[in-house]
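Worksheet for the structure shown next.
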Amino acid sequence: MAYAYLFKYIIIGDTGVGKSCLLLQFTDKRFQPVHDLTIGVEFGARMITIDGKQIKLQIWDTAGQESFRSITRSYYRGAAGALLVYDITRRDTFNHLTTWLEDARQHSNSNMVIMLIGNKSDLESRREVKKEEGEAFAREHGLIFMETSAKTASNVEEAFINTAKEIYEKIQEGVFDINNEANGIKIGPQHAATNATHTGNQGGQQAGGGCC
Amino acid sequence: MNFLRGVMGGQSAGPQHTEAETIQKLCDRVASSTLLDDRRNAVRALKSLSKKYRLEVGIQAMEHLIHVLQTDRSDSEIIGYALDTLYNIISNDEEEEVDDVEEENSTRPSEDLGSQFTEIFIKQPENITLLLSLLEEFDFHVRWPGVKLLTSLLKHLGPQVQQIILVSPMGVSRLMDLLADSREVIRNDGVLLLQALTRSNGAIQKIVAFENAFERLLDIITEEGNSDGGIVVEDCLLLLQNLLKNNNSNQNFFKEGSYIQRMKPWFEVGDENSGWSAQKVTNLHLMLQLVRVLVSPTNPPGATSSCQKAMFQCGLLQQLCTILMATGVPADILTETINTVSEVIRGCQVNQDYFASVNAPSNPPRPAIVVLLMSMVNERQPFVLRCAVLYCFQCFLYKNQKGQGEIVSTLLPSTIDATGNSVSAGQLLCGGLFSTDSLSNWCAAVALAHALQENATQKEQLLRVQLATSIGNPPVSLLQQCTNILSQGDKINRRGSKIQTRVGLLMLLCTWLSNCPIAVTHFLHNSANVPFLTGQIAENLGEEEQLVQGLCALLLGITIYFNDNSLESYMKEKLKQLIEKRIGKENFIEKLGFISKHDLYSRASQKPQPNFLSPECMIFDHEFTKLVKELEGVITKAIYKSREEDKEEEEVKKTLEQHDSIVTHYKNMIREQDLQLEELKQQISTLKCQNEQLQTAVTQQASQIQQHKDQYNLLKIQLGKETQHQGSHNDGAQMNGIQPEEISRLREEVEELKSNQELLQSQLAEKDSLIESLKSLETSSGMNEQSSEAASIRDSEQIAELKQELETLKSQLNTQSMEINNLQIEKQELLQKAEAFAQSVPVPGDSEKIAAKTTDVEGRLSALLEENKELKNEIKSLSEEKTAIKEQLDSSNSTIAILQNEKNSLELHIKDSKKEQDDLLVLLADQDQKIIAIKKKLKEAGHPDEEEDELIIPVGQDDEFDEDEDDDKNDIEGDIQL
């Protein structure tokens, strides 16, 4: 399928906060209530549209367990966006955010867009972390913030898409070097053709469309 | 390090001793010299010694060399020498070259040497980190030996080194950068390094893939000219295979990254391309294997099918099929292409349909399937190719009822091409089945069995197939012919092992007869078959016959288990008695067990691909092993059952079937009712909707009515005022407008006059009383005559005056009364006139003035009348509207009532169905009790419980039954929620 841009995402956060469920809800529109520990990383992909442009999201869902931390660190550098997830019903997962953020900032490229996500918003009765606290943390550290529920799919779509929007805006502003794939951004075959040859745009586009 | 000394001790001899001293000296210089040049020279000298005196240099210098790596990073030359030296110590590559001439067992210790030095090197994990950081050095003399050294380390102790690299920050990412190196040597050795790095380590494979490895490797392959490229392409393909094999996440990433599309050009191998170099064959082989990795039957079904779809959509499958039909393709490439096509189409309807439509470019064009089958039954074709074709055929038929039907139909009498112009798949299979080549027999039998796999229709259809034998003899059915060959097979001289033919045929028969009572009946109808089978099983034959005996036992077991007792002479019971008499139950079961105990059985059960080490090993088919697993247990149970049990089982089965039928009946009813309910619910909802709409309409209309009413009232009030006006006008009109005013004026005048008169009369009365008093005064007083005289004169004068006055007053009075009279008359007249006027309207115009006034009044009157009329009309229309609205209100009220009635009836319905379901539940409970009773009975008959459960309910049905019950419960729960 033809796409204008390809963004690489990673999902990070403590174990059991619902990272894999968020991904599953986003890619398959399903919810799996049984907790199945992620081993290392798992891959998922989906196409979205922003500003009329097709954008392919490639998402690496990482294991939250401490023992996998060294493996998951390898994914920071090549990602354009990160979803940092905590569980609103478990304060400790919120308390660990600083560690996660330090880790991410240390290993990623400086332009990586980080979206803070308070997951399990459907479990209002068991809430331990107030929405305001999440908002405050995000404000303090310059993150985007959202509360989601992978179970009810509330805000899941928005979380992924808003992150993509932020990246897209950064591209428009010229903050990202789109020709360096190590940033987790790739221009689609169609787009690259039009970018490369301003004259003879149509030919390039046709060729691009044909190959996909 | 004692073990090293031990190794060293064995080899150390006189001349080496001096070398050891030299090495020691060099090490000292490396360690202690303050001049870089000295150290560099020493390391260079160590390097030159390291190949020949690997052990010595390794033991003495490694520590110092590592130290150099840590401290002398600024000088790339010395780092380069150090890395080279370390590489020489650790790598076995150089040794192997030397050892080629030497004895083979001498490589053993040198291999150990490499791993031992590796172990020492990685004892400090920082050494690996150090090496990784050195790889960032761009200098060729550092980077290249660094890459080689790390590769060597990975080759020796892969898992440990992988683990260290995995936990060192950005370790894998740094190594990925090697692929971008502009110097081909480094890039190529980088590929080899990544190969070693990714070997059986899923986590690293994923990171490497994340770092865009697919993109870069595919780019390299394209740059190098795909399959025409050299060994670099091969290395890249091997690395790709490492990344993808058994790694679902990476496979998904590969598919999602649209990299499958990029594989298509790999297979654009033109016909005219005559050059098939060994490298090209290797490359293509790996490329085909890479395709197979993505669609392997062992992958998760969803993953494989999405890759299969992508391969069709991008034309990869089509490209592979052109290779399949091309000429001049080397046999092993062709074989692997067939295997690849097999797995690309396996279980994927679209791809299977496409494959069925592929034609060979022959004249006339023949279907590819036919061309392939021709190779399968051709004994001159290579064995692996024939296996590949069989696999392809199997994959074409896997979960493909349409394809199965098409293949079987080519054998049926109605569709066989009588002209014999073109060979059909069916003809080829029959030819193979009865050829003199045992491999063809086996392949054809298995292929035909796959056309019947899980397809009851085709099992029955195949019974219709008749074969023409020698001229003059009647045609024989295919089933008959198969059993004939089995029983008389020994008469024909065959190429290859006779067992293969018989095993093949027995597998075909077992597949054919299983789950098909009609085929069992057909089989038993031939009275020679059962004696043949019992004879085979009962005989005490050699080991090689054990498998055939086992298969015969399986076939006999199938004829019992799937027997519908339609043949008097071969009822289940009779067959069992036969087994007991001729073979013995225990013996029979033992023989049956021979199948799964066979050496080749487990190998065949692992993978669907027929993959045999040699033609002799071609014994079991994968699907058949599944059938054996399924049937072995149930047949054993069926054999051990006594007649009574059988009967009871029959009864239980029957009652169960009855109950089943009742249950299914009720289920259907419930389903229908559910449907009805659903429909009615929908109706209710639509009606409710309508109702709401109507109600809103009604309320709107009611408010309108209210408005109208208000208006009406307003109008009424206005009307009331106007009518009052009109009323007075009307009165006036009756009396002639002006006259009342005149009359009132006249009346006022009269009134005035009257009051005047009264005044006058009272004055008169005063005067009279005055006169009276004066008279009495005149008469009574005489003493004052003079005065009285004068007074009297004055009085008389006064009197005279008064009299005159009186007189004038009287006359005045008279005139006034006259006047009053006149006025009264006038009034009378006027009254009369008014009366007359009232009696005859319009008033005859006495005077012009009055007439004019009258017309004027009349005009106004008529205007008023018209206005009145209009208002009345308005009122009328308003009231009409009102009644209409009232009607509408009534009608909507009635529809609401109807809706409520309907709703009530629906609720009744629901109640009824609930009741029915409850009844059903009761019924089910009853049945359960009955079953328990029967179980008890069985228990009383003296059989263990465990068996009973399964005795009563045949396997397979058991589960279904439970599920059905669950379903019912779910249904009921669902209804209660409603």
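Here the Cβ of each residue, glycine as well, is placed from N, Cα and C on the backbone.
These numbers come from a predicted model, not from an experiment.
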* To do: Out of B:663-711, B:712-760, B:859-907, let me know the one TrEMBL marks coiled coil.
  => B:663-711
* Asked: What range among B:637-656, B:777-796 does TrEMBL record as region 'Disordered'?
  -> B:777-796
* When DSSP states are grouped into helix, strand and coil, how many residues of the repeat 'ARM' (B:60-97) land in each? -> 32 helix, 0 strand, 6 coil
* Check the repeat 'ARM' (B:60-97) for me and report the mean pLDDT. => 83
